[in-house]
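Asks: Sharing a structure below in structure tokens format, with a few things to ask.
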Amino acid sequence: MTERTPLLHYRLSTSVNESEPRGPPAGRAPEQLPGGSRRRSAQQRQPKKLSIFFGVVVPTLLSMFSVVLFLRIGFVVGHAGLYQAIAMFLVAYFIICMTVLSVCAISTNGALDAGGAYYMISRALGPEFGGSIGIMFFLANVCGSALYVLGLVEAIVTTFGVPEVTSSYQVLPSGYWWSLLYATGIALLCLLVCMVGAHIYAKATFLIFMVVMFVLGTILISFFAVRPRTIVLPRPSSFNPTPNGTGPTFPTTANFTGFKLDTLLGNLGAGYTEDYTTQTMMNFATVFAVMFNGCTGIMAGSNMSGDLKNPSYSIPRGTITAVIFTFIIYNLLSVLVACTCDRVLLQRDYGFLRDINIWYPFVIIGVYSSTLSAAMSNLIGASRILYALARDDLFGKVLSPAKKTSHSGNPWVSVLISWFLVQLVLFAGKLNTIASIVTIFFLLVYAAVDLACLALEWASAPNFRPTFRYFTWHTCVLGIIGCAVMMFLINAIYASASIAFMLLLLLLIHYLSPTSSWGYISQALIFHQVRKYLLMLDVRKDHVKFWRPQVLLMVSNPRSSVGLITFINDIKKSGLYVLGHVQLGDLNTLPSDPLQSQYDSWLSLVDHLNIKAFVNLTLADSVRHGVQHLLFISGLGGMRPNTLVLGFYDDCVPKDRLTGSSLSTSPSNDPSGLSPEDHGEFEDGKVLGPQEYVAIISDAMKMLKNVVLARYFNNFDRSLALSPPPSSPGKGAVYVDVWPVNLLRPDSCSYVDTCSLFLLQLACILNMVRSWRKATLRLFLCVEEGRSVRGSEEKLGQLLKELRIKAQIYPVPWDQQVALHWQRQGDFGKKQHLQDASDAAAEGKKQKPDEEEENEDDYARPAPAVRFLYLPRPPADTRRYSAYLRQLELLTQDLGPTLLIHGVTPVITTDL
């Protein structure tokens, strides 16, 4: 994906809508760039960029002045009454004004490219939201195009196809299938225009705008100039009179009364009745759904962002101007209609404006031109959105055919797909039938725009500083709430289905689409919230009841440490987990920081192993100093490592555990950024000696960090450890052995010191992990000869009960020789005695006389999956570090996966 980014940026700037070309890099003239002459010729072929009026105001007004203005203004007032009609317009314009403020804020926060609302949402919220909302916006434009086509068909049939009224020009047959045929023909005309190119539509836009404004002027004049008259009403499409005349009766005429107080009073209240085109009962929600389609054109200007001279300047001013103008006109027409037309006329003839006009054909011309223009505008917009989605590769190969363009750059495949979907929607047959779906789709898109602006505002990113400042997060929230409420008021089923479909698309894109370079608003929001809560996490309020392990695992070579990395991920218990790595070097002698290029590889390792861990890398002159750095600076606030985990210092040959995985297919994917040989771990030499290794342990304890040494985890595989063969001595049972006593000082058999309790806590945490719950804890009670085994066992059992730890207790008697070993020796001599002690402890074998060998317990069998052993403190005398390490090596030799653990802080409490 990163290799395609420059190409993607170039294609975004030279797309079908031809946004402003980006300039050459500093210091290079355009002709010095590859293909410079071709770019100059392409720039010469580019059409002139549009101004505010022609690029924003005109398209927005044409989109908003279409069906509702000419065919549904009487429908709204007739059913809802003047009071509710004005209330509907106030609610609708409140919603779109909140959205317009959000659009203005986003559009003035940087350079806009082709794609309009989809571009704004996707680049603000990231590919998941952008892609899902982009599909919804595409469907909204498809349904909107079909709605305007059906509106035009309705106007044509009303004018030329009403068979009940005899006239020389009413010659077209009517009916569902005839209407579908007319709609198909109009859709084919729109397809033809779009296939030739959007420039034909763009050239005719201003002419259509002038026609619509002229017709609107004649309508306003007609209310004052035309005298009262009686108008013949159209018959309902389903009207079939019975032979005896006993069927339902409908009014056949209605009056245009001129300005009369009685007419106004009769139209003030609501009077919902049956819609004569669909034979369904109207209510506030259904009328609002139809009316709101006159407010859905506010994105027309932003959709032209690729053709504007200065999108960030033009979109706010042009959109706000158009919204204010349409709001005034709609309310003015509502008042004039309520004062001059009786309710029957408004409810039974949606095309009454042509009958009261000073010249009949004016309104017909206005209806035809505005609806045809809006239908083509929505079809072009839908095809461009689909092309932008395909170009961004959010849906992979599914939309790849939509990338194809003609020699002139027209995305003809996207146009064909959009037209085909429009044709499917036309089977709905009636404008009012699909009005609810179109309205819900647009409301969902508007809510997404408000959400995008809200997210940018709440993220408090320094780069979000739009020049348009007349918005706050309150306006965004009000817009979202308004859109959501109206969606469910219009049709709760459609609204729920639309949201569910959008969420399904969101999840699909999240899991299947490649990583984008647009930025993710979720990351900014998470950062904002995490910072706030980290400041609230006060270390002075820490309590032992809420202690959890926060682990810093030092990794030399991640390729040989996979088993240990995954095991420690199990034992962290929702705590902090940091993978630390020290690279030897001196920044003074290096040209740049060598660690920066390695972070991505380490993060890829974290993703590949599916662990929840952070990565901290440091550059130091020695491993000891590097570990000190990480212990001092890892974490933030109250989230700092309290436990250091080290691999054991021995001569085991590391093995590459990532061979054959996706991370080993390329040297660039090495999780450390280096080949295995570069670590020195696969060679005979080591990067630190035994003296320095023990010094690191001592340093960690001085810093009051718990220390864990892990041995024999090179080949550890959790799935194998938790699934022993049924033929094993334990018949498939899994055990975790715990030895909470200092095995190098067997005369100190206390189980209640801090270190022993820490050992028990970690073993209990491991047993709480879902995959380790079937494992059984075996706690070994070491009892010196002469003491009561039963008494010690009962005391330990009571302690485990108080600590809520479930474990099996196995007594291990120690003979006098082993118990007094340290008292007799006083030093690290007599290797054989120590070997006997460590063997007795690790293998669970009591030092017994020969005559008792046949009665020996088998508590050491079967072999456990993991052993937890007590790690004694390093000696104060640094000269004894090597001998101390040798003792640990003898103690754990050939034991399998083993953890040597030393705790320095209390971690267990019996209090509530």
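Each residue's number is its place along the chain shown, starting with 1.
Every residue, even glycine, has its Cβ placed from backbone N, Cα and C.
Quick paste from TrEMBL:
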type     : residues : note
REGION   : 14-44    : region 'Disordered'
TRANSMEM : 50-73    : transmembrane segment
DOMAIN   : 55-552   : domain 'Amino acid permease/ SLC12A'
TRANSMEM : 85-112   : transmembrane segment
TRANSMEM : 133-156  : transmembrane segment
TRANSMEM : 176-198  : transmembrane segment
TRANSMEM : 205-226  : transmembrane segment
TRANSMEM : 281-301  : transmembrane segment
TRANSMEM : 322-346  : transmembrane segment
TRANSMEM : 358-390  : transmembrane segment
TRANSMEM : 411-428  : transmembrane segment
TRANSMEM : 434-459  : transmembrane segment
TRANSMEM : 471-493  : transmembrane segment
TRANSMEM : 499-521  : transmembrane segment
DOMAIN   : 564-651  : domain 'SLC12A transporter C-terminal'
REGION   : 660-685  : region 'Disordered'
COMPBIAS : 660-673  : compositional bias 'Low complexity'
COMPBIAS : 676-685  : compositional bias 'Basic and acidic residues'
COMPBIAS : 833-849  : compositional bias 'Basic and acidic residues'
REGION   : 833-859  : region 'Disordered'
Asks: Quick test of the contact rule: Cβ under 8 Å, at least six residues beyond the ends. What residues does that give for the transmembrane segment (133-156)?
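Replies: Same-chain contacts beyond the flanks: 66-67, 70-71, 117-118, 121-122, 125, 172, 179, 182-183, 186-187, 190, 277, 293, 296, 299, 350-351, 364, 367-368, 371-372, 374-376, 378-379, 381-382, 385-386, 388-389, 394, 418, 421-422, 425-426, 428-431, 434-435, 437-438, 441-442, 444-445, 448, 498, 501-502, 505.
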Asks: Looking only at the domain 'SLC12A transporter C-terminal' (564-651), how are its residues distributed among DSSP helix, strand and coil?
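Replies: Its residues divide into 36 helix, 22 strand, 30 coil.
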Asks: Should anything in the same chain at least six residues away from the transmembrane segment (205-226) have a Cβ under 8 Å from its Cβ atoms, list it; otherwise answer none.
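Replies: Answer is 54, 58-59, 61-62, 65, 69-70, 256, 258-259, 329, 332-333, 336, 339-340, 353, 356-359, 362-363, 365-366, 369-370, 373.
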Asks: Out of 50-73, 358-390, 411-428, which stretch touches the transmembrane segment (176-198) the most, going by CB pairs under 8 Å?
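Replies: Comparing 50-73, 358-390, 411-428: 411-428 has the most Cβ pairs near the transmembrane segment (176-198).
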Asks: Please give the sequence-distant neighbours of the transmembrane segment (358-390): residues at least 6 beyond its ends with Cβ less than 8 Å from one of its Cβ atoms.
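Replies: For the transmembrane segment (358-390), the far contacts come to 15-17, 59, 62-63, 65-67, 69-71, 114-116, 118-119, 131, 134-135, 137-138, 141-142, 144-145, 148-149, 151-152, 155-156, 159, 186-187, 189-191, 193-194, 198, 201, 204-205, 208, 211-212, 214-216, 218-219, 221-222, 225-226, 297, 300, 303, 351, 399-403, 405, 411, 414-415, 417-419, 421-422.
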Asks: Among 50-73, 471-493, 499-521, point out the range having the most Cβ pairs under 8 angstroms from the transmembrane segment (434-459).
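Replies: Comparing 50-73, 471-493, 499-521 against the transmembrane segment (434-459), the winner is 471-493.
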Asks: Take the transmembrane segment (471-493) and find every residue of the same chain, 6 or more past its ends, with a Cβ under 8 Å from one of its Cβ atoms.
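Replies: Beyond its ends, the transmembrane segment (471-493) has Cβ neighbours at 91, 94-95, 98-99, 101-102, 104-105, 284-286, 288-289, 292, 436, 439-440, 443-444, 446-447, 449-451, 453-454, 457-458.
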Asks: With an 8 Å cut-off on Cβ pairs and a sequence gap of 6 or more, do the transmembrane segment (281-301) and the transmembrane segment (50-73) reach 3 or more such pairs?
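Replies: Output yes: the transmembrane segment (281-301) sits against the transmembrane segment (50-73).
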Asks: Between the transmembrane segment (411-428) and the transmembrane segment (322-346), are there three or more CB pairs that fall under 8 A, provided the residues in each pair are separated by 6 or more in sequence?
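Replies: Contact between the transmembrane segment (411-428) and the transmembrane segment (322-346): absent, because fewer than 3 Cβ pairs are under 8 Å.
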Asks: Residues of the same chain, at least six outside the transmembrane segment (50-73), with any C-beta under 8 angstroms of its C-beta?
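Replies: Contacts with the transmembrane segment (50-73): 147-148, 151, 154-155, 205-206, 208-209, 212, 215-216, 290-291, 293-298, 300-301, 303-304, 307-309, 313-315, 317-319, 321-323, 325-326, 329-330, 333-334, 337, 350-351, 353, 363, 366-367, 370-371, 373-374, 377-378, 431.
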Asks: Using a Cβ cut-off of under 8 Å, list the residues of the same chain at least 6 residues beyond the transmembrane segment (411-428) that approach it.
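Replies: Sequence-distant neighbours of the transmembrane segment (411-428): 16, 138-139, 141-143, 145-146, 149-150, 180, 183-184, 187, 190-191, 194-195, 379-380, 382-384, 386-387, 390, 401-405, 434.
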Asks: When you scan the chain for residues with a C-beta under 8 Å from the transmembrane segment (85-112), skipping those not six or more beyond its ends, what do you find?
Replies: 19-20, 76-77, 119-120, 124, 284, 287-288, 291-292, 295, 298-299, 302, 305-306, 311-313, 315-316, 319-320, 323, 327, 330-331, 334, 338, 443, 446, 449-450, 452-454, 456, 463-468, 470-471, 475-476, 478-479, 482-483, 486
